[in-house]
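K.L.:
Pasting a structure here, questions to come.
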């Protein structure tokens, strides 16, 4: 069987690796428009902010390793058309050579693309997006310029907040804009997000929330020099757009069933409306256990799992995805936040009737006074069924990072907040208290 994979990042690589390791003997072709593969974009801000010296280790797979296993790798090759009826992929190389690859099974792993705000001046020099490695290189080069002193970041989600930190670490003045009233509004309720807002402000980042960009203006050399919002005009030397991503599904959007944002609709086997076409990662929908329906959640962790599921099903073993919770985390200037499932705001927007329980305590036992940080927790649950549908944690302690995984499993297994209240959680003073803050938050649920 011949399998063509379009896209060589997390989802495409996971699909190919699963096939190679579990179901050998197939002919595999991987195509990507970039010159590299397997770039961990989540590390861009860490590298650009000089928390690591070089970006080399942000790549975890090489073309030659796949080629050694018999895979045909076509990088710097742009797919122009897919003939789904005749099962053919049409592409063109960097040197304009035309390529036609027939397939028995096709895997679309084309990922997501930045949302480009349609504003006057959007094409000016000095306005950047941040997703691909080469975009990270461009921003890194801009940060190295002495004349680039004042940077505007539009969008205070994870990527925007992280690159704002990176710019500050490089000694820049940073203005962080978002139309919402807080940072991280897609993942956390306002009471939690404000903790990050305070952290950002304490580290010298100028916050402009509840502000909407309207226009970019240029200097005499054609570089962006001002950003105009609904409230004021600001002088800037560089703009980084981080307002979000949408599915990169143009190759198939008019032939396959799609979600409201253009993502390719798939079932729990990652199979599209065409039984010989699978879609994985950011280009596809995914089943949310919190929502109990298919939705769109673009995360690298989801991409890897969806690729594994697709690989098994293509290889001949029927395997259903168990669904996801959208578990995520962020660490900015030593302040850590993690969440999973739905926030109260998100749940209400989706029409769910929910309640929540908040609690705050020290991470370790009360008699340990050194390196014992406060932890805030919120558990979100359906009011009637009491099924847990979300959780949020915030602290300077890194221990919270592991705790969110327990809530992820609770959501997946449809556990109630009352069951959580009596869950056997270990106690050791170095790590927690006998009355664990997760236990107390659950016990306090009304």
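Every residue number used here counts from 1 along the chain in the order it is shown.
Using the three backbone atoms N, Cα and C, a Cβ is placed for every residue, glycine included.
In case it helps, Swiss-Prot gives these features for our protein:
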- 7-11, 32, 42, 79, 109-112, 131, 158, 282, 299-301, 427: FAD binding site (BINDING)
- 10: active site, proton acceptor (ACT_SITE)
- 42: cysteine sulfinic acid (-SO2H) (MOD_RES)
- 42: active site, redox-active (ACT_SITE)
- 159, 178, 187, 244, 298, 329: NAD(+) binding site (BINDING)
K.L.:
For residue 7 (FAD binding site), list the number of other Cβ atoms lying within 10 Å of its Cβ atom.
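P.N.:
A 10 Å sphere around the Cβ of residue 7 (FAD binding site) contains 29 other Cβ atoms.
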K.L.:
Can you tell which of the binding-site residues 7, 10, 131, 299 lies nearest to residue 187 (NAD(+) binding site) in space, using Cα positions?
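P.N.:
Considering only the listed binding-site residues, the nearest one is 299.
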K.L.:
Which one of these binding-site residues, 42, 159, 298, 299, has the sparsest Cβ neighbourhood, judged by other Cβ atoms within 10 angstroms?
P.N.:
42
K.L.:
What's the CA to CA span in angstrom from residue 110 (FAD binding site) over to residue 298 (NAD(+) binding site)?
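P.N.:
With the alpha carbons as reference points, the distance is 12 Å.
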K.L.:
Could you round the CA separation between residue 299 (FAD binding site) and residue 329 (NAD(+) binding site) to a whole angstrom and send it over?
P.N.:
11
K.L.:
Give me the Cα-Cα distance between residue 42 (FAD binding site) and residue 159 (NAD(+) binding site), rounded to a whole Å.
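P.N.:
So the alpha carbons of residue 42 (FAD binding site) and residue 159 (NAD(+) binding site) sit roughly 8 Å from each other.
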K.L.:
Restricting to the chain of residue 10 (FAD binding site) and a gap of 6 or more, list residues whose Cβ falls under 8 Å of its Cβ, or answer none.
P.N.:
38, 281, 300, 303, 304, 307
K.L.:
Does DSSP give residue 329 (NAD(+) binding site) helix, strand or coil?
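P.N.:
Assignment for residue 329 (NAD(+) binding site) reads strand.
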K.L.:
Per DSSP, residue 42 (FAD binding site) is which: helix, strand or coil?
P.N.:
helix
K.L.:
Starting from the Cβ of residue 329 (NAD(+) binding site), draw a 10 Å sphere and report how many other Cβ atoms land inside it.
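P.N.:
16, counting other Cβ atoms within 10 Å of residue 329 (NAD(+) binding site).
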K.L.:
Could you check which of the binding-site residues 7, 131, 427 is the closest Cα neighbour of residue 329 (NAD(+) binding site)?
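P.N.:
Out of the listed candidates, the nearest Cα belongs to 131.
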K.L.:
Just going by other Cβ atoms within 10 Å, which of the binding-site residues 187, 427 has the emptiest spot?
P.N.:
427
K.L.:
Enumerate same-chain residues with a sequence separation of six or more from residue 244 (NAD(+) binding site) and a Cβ-Cβ distance below 8 A; give 'none' if the list is empty.
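P.N.:
Sequence-distant Cβ neighbours: 114, 115, 155, 157.
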K.L.:
If you measure C-alpha to C-alpha, which of 159, 178, 298 (binding-site residues) come within 10 angstroms of residue 427 (FAD binding site)?
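P.N.:
For residue 427 (FAD binding site), the binding-site residues whose Cα atoms are within 10 Å come to none.
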